[in-house]
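Worksheet: the structure to be examined is printed underneath.
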Amino acid sequence: FNTFKIFPKIKKLQERDYFRYYKVNLKRPCPFWAEDGHCSIKDCHVEPCPESKIPVGIKAGSSTKYLKVANSTKELEDCEQANKLGAVNSTLSNQSKEAFIDWARYDDSQDHFCELDDERSPAAQYVDLLLNPERYTGYKGSSAWRVWNSIYEENCFKPRSVYRPLNPLAPSRGLCLEKRVFYKLISGLHASINLHLCANYLLEETWGKPSWGPNMKEFKRRFDPVETKGEGPRRLKNLYFLYLIELRALSKVAPYFERSIVDLYTGNVEEDADTKTLLLNIFQDTKSFPMHFDEKSMFAGDKKGAKSLKEEFRLHFKNISRIMDCVGCDKCRLWGKLQTQGLGTALKILFSEKEIQKLPENSPSKGFQLTRQEIVALLNAFGRCDRVPQCPSKREAVGQGKWPPPSPATALLGGQL
């Protein structure tokens with residue numbers, strides 16, 4: 001299902017202008033401790049896009065859905081601000097208008113599972129994801145360890161008596177379904193990041209030219225059953241669980257994009273139409289998947305307890321998204337923030353089924369909205385965990401000296417992840 005239906009289309013989608021440019025603030029300070037481990041290795045650097053390279057429709061923001069013929073970015077920004085204040089009595093003071101905007105922003109944040117970057121910040125810049133791939137840059141040590149330790153020890157649900165890594169599959173640990181799901185998602189996210197670092201590893205540098213490729217030794221250190229005391233295979237299972245959650249979210253959010261009012265607008269009308277057609281085609285494929293995760297089993301107890309647990313769940317995940325601002329390597333921070341926001345968007349979708357079903361066909365909805373940042377993060381995050389090994393046929397493998405096939409762990413580095 002994934003190899004032949006989903007992966008090829010996701011790969012094409014990620015190459016489209018709408019999905020390749022992601023706006024991110026890599027200069028936000030760490031909110032939890034004084035950052036003392038910023039990576040100075042050149043491969044940690046992220047190269048932002050010049051403004052001239054960004055399609056005009058993306059730079060202009062959501063207002064271009066209605067204002068595609070505006071003459072300049074400045075005019076678009078002015079119109080966008082006017083639209084936001086259009087429903088407010090013009091006799092109100094500027095201070096009151098700003099308060100209304102703050103309230104609206106606060107109301108919007110109540111549905112978010114992630115701490116969102118302020119796209120209007122001067123420090124927020126567009127990044128071409130194709131030119132800044134996720135890979136191992138040499139960033140490691142106490143700074144990197146501190147980030148993941150904080151995520152697991154302070155923000156994951158687990159019994160205090162159990163030392164990490166916890167096996168979330170065992171119901172006897174005293175964790176409810178929701179808390180086991182939370183842990184498995186974070187473990188799956190961690191596994192996804194580690195897999196891509198192992199597959200695109202900085203092997204050596206000769207005459208100033210780096211060499212990248214699979215590092216089997218590092219992969220085995222992180223996932224081999226013997227070297228991880230049996231924990232490695234569980235991490236890979238959690239990666240698959242992450243895939244199922246994000247796949248389920250894509251199938252659920254399809255009605256949002258099927259409406260004619262939703263444009264994936266970059267300014268190139270023909271390409272935009274093709275991009276939306278490709279996206280809708282992917283949604284149709286996700287709906288046909290026969291083994292979807294059933295999120296209805298979550299938060300299904302008494303209403304008061306379920307609501308409290310859901311809020312606790314959301315706040316824990318939001319805190320993890322803030323920890324990503326403590327990552328010292330810019331490239332690692334970029335992909336950490338994107339994948340965290342992608343998963344957070346998936347959770348937002350799964351917990352908004354009723355709102356999605358009530359969406360009006362020809363007008364925006366106050367009940368459920370996705371920003372372009374959330375859309376780009378969702379599809380690119382899913383694209384990080386849907387890459388699977390391409391297994392050759394027995395005849396091809398024998399001819400290449402690759403039969404018998406490698407173990408599943410080895411195969412994960414043998415082709416597409």
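Note that Cβ sites are derived from N, Cα and C of the backbone, with glycine treated the same way.
Cβ neighbours of CYS329 (active site, nucleophile) (same chain, under 8 Å, six or more residues apart in sequence): CYS39, ILE41, CYS44, THR137, TYR139, ALA144. The active site, nucleophile annotation in TrEMBL covers CYS329.
Using a 10 Å radius centred on the Cβ of CYS332 (active site) and all shown protein chains, the other Cβ atoms total 24. The active site feature in TrEMBL is assigned to CYS332.
Taking the Cβ of CYS39 (disulfide bond) as centre and 10 Å as the limit, one finds 22 other Cβ atoms among all the protein chains shown. According to TrEMBL, the feature disulfide bond maps to CYS39-CYS44 (among others).
Among the features that TrEMBL reports, disulfide bond is placed at CYS79-CYS114 (among others). Contacts of CYS114 (disulfide bond) defined by a Cβ separation under 8 A and a same-chain sequence distance of 6+ are given as PHE317, LYS318, SER321, THR340, GLN341, GLY344, THR345, in order along the sequence.
According to TrEMBL, the feature disulfide bond maps to CYS329-CYS332 (among others).
Residues or ranges marked as region 'Disordered' by TrEMBL: 395-417.
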Cβ packing number for CYS44 (disulfide bond), 10 Å threshold: 18
